[in-house]
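Chemist: Just lifted these from TrEMBL, have a look:
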type: DOMAIN; residues: 1-291; note: domain 'Major facilitator superfamily (MFS) profile'
type: TRANSMEM; residues: 35-57; note: transmembrane segment
type: TRANSMEM; residues: 63-82; note: transmembrane segment
type: TRANSMEM; residues: 143-167; note: transmembrane segment
type: TRANSMEM; residues: 179-201; note: transmembrane segment
type: TRANSMEM; residues: 262-283; note: transmembrane segment
Amino acid sequence: MRFIQGIFGGYVSNANAIIATTAPREKSGRALGTLMAGLTGGSLLGPLLGGALASMFSYRMTFLITGLLLFIVFIFSWLFVTENNFKPTTAKKLQKASGVISVLKNPQMIFGMFITTLIIQASNNSITPIISLYVRELMHNTGNVTLVSGVIAAVPGLATMIVAPRFGELGDRIGTERVLTIGFVLAICFFIPTAFVTNIWQLGILRFLIGISNATMIPQVQTLLTKNTPPEVTGRIFSWNQSFQSFGNVIGPLLGAFISGIFNYSAVFISTAILVAINFVLFRINVVNANK
């Protein structure tokens, strides 16, 4: 059932595509940043709501209530979401992958953004397997490690939810590439000292700052995809980008667990900073080639 749920999990990519094609290009950064804030808010509230429902009712009832909520989302989308100048394409006329690539003005930039998305997600999720263990080490096995670990895990999402729309608006003003560059630099600067924290407060502050750097990256990548993609293939491009994002979610924890097993917890943060630096170099190469 979870596999089938994943197959039909294209709502987010299509929501991105609708916003990308509907919002004015000069305001796309703010629009996608606001969407990012909503997605992050849902990711924070979802586990909390699920845990509360399971405690109040049962596991089975939690799935039923979740299904009802998704049905409400369907009704709202059906009644209130409209697309401007949408022309359905028949299956026979639907372009193959090669056809989609052929209509792109700068396919190298697009695929570069796919790789950027993958590495960003892998970097953000590389610490997932070790965050509770790292918190326990910093707390010297005393106190409510489970609660503190949950708070530390939620802090980056809270920061992203707060500042993502503002960074999206900033990208509309000074340029998407500049804001994304700032995001890479901030991420590197915040990941490195995280490896050397000595108490839980330092870790919490740095995780909050990492959440701010996250808010400067994913929405800006989506904005660059919007600005470099013809409207007729935007849905396909965003669905591919979501696939790369999901792949990053998979390999990130594997990478973190592998590195922590060979070295230690601190090495995960150092390696993540190196991974972000490599991503930054690849991004700059793509930008330079695109502007030639």
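The chain as shown is numbered from 1 upward.
Glycine residues also receive a Cβ, built from the backbone N, Cα and C atoms like all the rest.
Since this is a predicted model, take the numbers as computed values, not measurements.
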Chemist: For the transmembrane segment (35-57), I need the partner stretch with the highest count of C-beta pairs below 8 angstroms, choosing only from 63-82, 143-167, 179-201, 262-283.
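Modeler: Looking only at 63-82, 143-167, 179-201, 262-283, the most contacts with the transmembrane segment (35-57) come from 143-167.
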Chemist: Find the average pLDDT over the domain 'Major facilitator superfamily (MFS) profile' (1-291) in the predicted model and report it.
Modeler: 81
